[in-house]
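Asker: Copying in the features that Swiss-Prot gives for the protein in this structure:
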- CYS537: active site (ACT_SITE)
- 624-663: compositional bias 'Basic and acidic residues' (COMPBIAS)
- 607-663: region 'Disordered' (REGION)
- 81-84: motif 'YLYF motif' (MOTIF)
- 53-73: transmembrane segment (TRANSMEM)
- 77-97: transmembrane segment (TRANSMEM)
- 123-143: transmembrane segment (TRANSMEM)
- 146-166: transmembrane segment (TRANSMEM)
- 205-222: transmembrane segment (TRANSMEM)
- 225-245: transmembrane segment (TRANSMEM)
- 275-295: transmembrane segment (TRANSMEM)
- 316-336: transmembrane segment (TRANSMEM)
- 340-360: transmembrane segment (TRANSMEM)
- 410-430: transmembrane segment (TRANSMEM)
- 460-480: transmembrane segment (TRANSMEM)
- 482-502: transmembrane segment (TRANSMEM)
- 537-575: zinc finger (ZN_FING)
Amino acid sequence: MAAKEKLEAVLNVALRVPSIMLLDVLYRWDVSSFFQQIQRSSLSNNPLFQYKYLALNMHYVGYILSVVLLTLPRQHLVQLYLYFLTALLLYAGHQISRDYVRSELEFAYEGPMYLEPLSMNRFTTALIGQLVVCTLCSCVMKTKQIWLFSAHMLPLLARLCLVPLETIVIINKFAMIFTGLEVLYFLGSNLLVPYNLAKSAYRELVQVVEVYGLLALGMSLWNQLVVPVLFMVFWLVLFALQIYSYFSTRDQPASRERLLFLFLTSIAECCSTPYSLLGLVFTVSFVALGVLTLCKFYLQGYRAFMNDPAMNRGMTEGVTLLILAVQTGLIELQVVHRAFLLSIILFIVVASILQSMLEIADPIVLALGASRDKSLWKHFRAVSLCLFLLVFPAYMAYMICQFFHMDFWLLIIISSSILTSLQVLGTLFIYVLFMVEEFRKEPVENMDDVIYYVNGTYRLLEFLVALCVVAYGVSETIFGEWTVMGSMIIFIHSYYNVWLRAQLGWKSFLLRRDAVNKIKSLPIATKEQLEKHNDICAICYQDMKSAVITPCSHFFHAGCLKKWLYVQETCPLCHCHLKNSSQLPGLGTEPVLQPHAGAEQNVMFQEGTEPPGQEHTPGTRIQEGSRDNNEYIARRPDNQEGAFDPKEYPHSAKDEAHPVESA
């Protein structure tokens, strides 16, 4: 059953590709220039070419037929192709019969065939061909009335009966007329089929729109037609034909530079229409999806597909290519200019793919560094991919500076590549810190602060680079060529990459400063108080050699409580508000619960849970990106929720951080 479904899926795509190719050909065909060429040629007196408007109408009819073929249900589409195949077989039978009659007229032998070996060979060959045609036609049309397709065998039968050759010519024409009448009868009997199909399709569309709406109808058609795969196959066929046409006309092998130019030129030739441009967009999306899937498979193996079976990635790169192509008017340029512009757009797409690869690798690498996994192969894969993401973007930026004149788009590519390399450098530095802490007997002090400073340095550099890009874009807009699309891109880039990042970084800094001030304002527990308390930290579940005391008389590690205060300003146990003289400006707070009577220090909360009625304070959760969240990764190999075992997990900065993140 699975094989049948796969075959149907393949047919659903393969049978619709010709309709898109027909649309592409009709878009390329200029009717006016075609008639101008006809008028200059000897065909200008042909009545068929005297009616220009008729040809224009036929041009639009071709568009309608292409759209109908594209949207037909699979069963009707298969039936239509079978009818078309039957027509081709009948034409092949006509050609076989006509060639046989011509050969007999050339040799002019009217005697018995068994006396002439050559005549017998011609008869046998034609008879076998006609039998094959008749058999195939009856199989395709699923009928046992084989005589309906055997009219072209009449000249063979007449020759077998020693009919004169002049009469055989007349019989052959009669066979052609008879077959044509059969085709006309079939078309006439099915004349109302398209109308009935259109009527039933209209009823179904109206019902779907009334019940589910236009959006559901569009999504249903999108899934039934498999639009991304369909356009990708269409573009790959165009690209393969372009490559084949080039190599079929050349005898000598091309050099490496020539092959690169051929590759770009072929891509440029295959995106000269809106249909081929959409095909390139979906092809780039699938290529990006494949690269990102291989990246995740390289890092995690088959577990990557078990944890994340549906990777909805790759569309960002395709949409980026489409926006840039529309903005720059790609399909309206000449082939050479189009190839040059495509090279720049593809650089932008590659930079986006590298950034997506880093988004996949960053949490995996940090989780591997924070875990107790000692598999050298896993560490090698993670570090090798990070080294690739460190070197390749820098090399790409260097090549762009070498071969292209600097402008706004190239500056965006170079800045994105540099930021990717810097982010990988920060990821590797944090990974090294985790590994150093793993091999030390004692935990690294202030690990959380070190990680924060590393991330803060990267965020600051990222902000400065984004600011430089905006400044360069504004200067080009003022002193250079001004466009609406360019101004919109600068505005969007300024809002998302400058303003929001600056606002987020400032809030993060204020939250951290407020947490530090709160910790400093709390009293430090003495040795006698710790011995009298004789309990573990309720955040990290580790023994307490030093602790701070909250106003509600609860004991915590200073580092653990500080990380908790990054998230919310309440006691982890009783949720009493920890007041401080310096309130965080711009961040509101909600009413908190009063301390529960008899709340004990040894109350154990599950990870990721909250007491009934308690919600996170809006606006207090820090969102600094994937790397900031990964500094609170659990050290447990099984990644299960629950309480820590103090004997199994030694006291470290990473262990303390885990409950804070889950909170």
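Placement of Cβ uses the backbone N, Cα and C atoms for every residue, glycine included.
Could you place the listed features in the three-dimensional structure?
Answerer: In the three-state DSSP scheme, CYS537 (active site) falls into the coil class.
Sorting each residue of the motif 'YLYF motif' (81-84) by its DSSP state yields 4 helix, 0 strand, 0 coil.
Outside the transmembrane segment (225-245), and at least 6 residues removed from its termini, the chain residues within Cβ reach (under 8 Å) are 9, 12-14, 16-17, 20-21, 24, 70-71, 262, 266-267, 269-270, 275-276, 278-283, 285-286.
Within its own chain, the transmembrane segment (275-295) is flanked in space by residues 20, 23-24, 27, 227-229, 231-232, 234-236, 238, 267, 304, 311, 313-319, 321-322, 325, 330-331, 349, 352-353, 356-357, 360-361, 385, which lie at least six positions past its ends and keep a Cβ under 8 Å from the stretch.
Taking Cβ pairs closer than 8 Å, the transmembrane segment (316-336) reaches residues 265, 268-269, 271-274, 277-278, 280-282, 284-285, 288, 342, 345-346, 348-349, 352-353, 356, 409, 483, 485-486 in its own chain, all 6 or more past its ends.
If one looks beyond the transmembrane segment (410-430) by at least 6 residues along the same chain, the residues whose Cβ comes under 8 Å of a Cβ in the stretch are 344, 347-348, 351-352, 354-355, 358, 361-362, 365-366, 369, 383, 386, 389-391, 393-394, 396-397, 400-401, 404, 451, 454-455, 457-458, 461-462, 465-466, 468-469, 472-473, 627, 631.
Sequence-remote contacts of a segment are chain residues at least 6 beyond its ends whose Cβ falls under 8 Å from one of its Cβ atoms, and for the transmembrane segment (460-480) they are 407-408, 411-412, 415, 418-419, 422-423, 486-487, 489-490, 493-494, 497-498, 501-502, 505.
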Asker: Using Cβ atoms and a strict cutoff of less than 8 Å, what residues sit near the transmembrane segment (123-143) while being 6 or more residues removed from its termini?
Answerer: 82, 85-86, 89-90, 92-93, 96-97, 99-100, 113, 149-150, 152-153, 156, 159-160
Asker: Within 10 Å of the Cβ of CYS537 (active site), how many other Cβ atoms can you find? Include all protein chains, please.
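Answerer: Other Cβ atoms within 10 Å of CYS537 (active site): 25.
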Asker: Any idea what the model's mean pLDDT is for the motif 'YLYF motif' (81-84)?
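Answerer: A mean pLDDT of 92 is what the predicted model shows over the motif 'YLYF motif' (81-84).
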